[in-house]
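Going by Swiss-Prot, these are the annotated features:
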- 199, 201, 202, 203, 204, 229: ATP binding site (BINDING)
- 199, 200, 201, 202, 203, 204: ADP binding site (BINDING)
- 199, 200, 201, 202, 203: phosphate binding site (BINDING)
- 203: Mg(2+) 1 binding site (BINDING)
- 228: Mg(2+) 2 binding site (BINDING)
């Protein structure tokens, strides 16, 4: 849409003033408006317009220029500092002053300090050289392994692909996690959201998906750590080195990491998701790859935007969020898509404040997703992990024409029996199991077995649980649940279904339990 507006404006301006070039005419417009993604070789900085700092308000810095006011989204650099401080233009205030967002701490800045316009948005290194490396929001390496020297750089702001470039093929992405593959399967090239409150297992689930999908995938992956714990980022990096996904000795690494963790200023947290996305877009557009993009956590992207929004002087919207919440989210999510050249399959963890899915931040994200995996505190309290809510999680590709009629029928059968059990829980709580009919007793028994069979030991959580991690093929998952629904395992105790892989392990566990009791 913006691209179309930009092109219309350019045409109109040329018609009105033939002597003026489109670039000159749109000089005050956002950089993304008149530039499709351009990949260029890193160039030496040309002579740039300079300004001076006139105000510093937390992460927001006002800069005054005598001439050549930089357009919106341009990157400015503070001169005379040991570490590079990048400011991104957010508003034009009048009187040749721009309001900018700092990408790093503003400690030590003083009024009157010189600032240089780089003449372009924030540009980061892209290409195969980024694999195996960790970079920050402005593309600087933070893994203490020297500079990232790439042949090309790209701006972090760009338009979404045209409708005509998009691909509409639909195929299931098998994760090896029973509850996900059966009830809310993920689409290749789709957008997947993991919703959950604090401490219900979003990051563990995303780590398991990285372990199962990224390793088996064989293509490239990008992980963007947005405002989450530094410890988790560090653990992930070292796990990837140990498992061989990152190879420090040669160039066979399969993953690029982009971090802007909890301790970063809001400017960095609000932009680091775009940096990670830009790295993924290069592999999709230039190398025709099928890329996996993991983002942990999208809520922190919104939260950082909210922190900055108040400092920029915008009037807050519902629940104190920025008034541009839907625009910010849409601008980023529309770029995560599958084109005819390649695909980006994104898995995004989304924190749910106070377990309220109607909060504007998670509610705005729902509209953009192909599959939603909702993690429930009530299920986590039962000790069932992953704590996926089988009745709340949805998928656009849960369609018999895509997944097949057997898969569809088994999934709907599982959901029906769990819903029936949920309806009976009030009666059980008041009157007890003895007051139920024989049919209802059977429903409850099977539902409790299914509930436990939806649990699964994770490879990334082996050290915590003591259970060996399991990866279950889709056909085994369907076979197992179909057999439980059909009553083939009614005789087995429900604890035999807890924390196992395929259905064969249930039988083995039941035999083991019987031996222990005897």
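Using N, Cα and C of the backbone, Cβ positions are placed for all residues, glycine too.
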When neighbour density is defined as the number of other C-beta atoms within 10 angstroms of a residue's C-beta, which of the binding-site residues 200, 204 has the lowest density?
204
For residue 228 (Mg(2+) 2 binding site), which residues in the same chain are close in space, meaning a Cβ under 8 Å from its Cβ, but six or more apart along the sequence?
203, 261, 262, 296, 297, 300
What's the most sparsely packed of the binding-site residues 199, 201, counting other C-beta atoms within 10 A?
199
Three-state secondary structure of residue 204 (ATP binding site) from DSSP?
helix
Taking the Cβ of residue 229 (ATP binding site) as centre, how many other Cβ atoms lie within 10 Å?
15
Residue 229 (ATP binding site) to residue 200 (ADP binding site): how many Å between their Cα atoms?
15
Looking only at Cβ atoms, how many others are within 10 Å of the one on residue 202 (ATP binding site)?
27
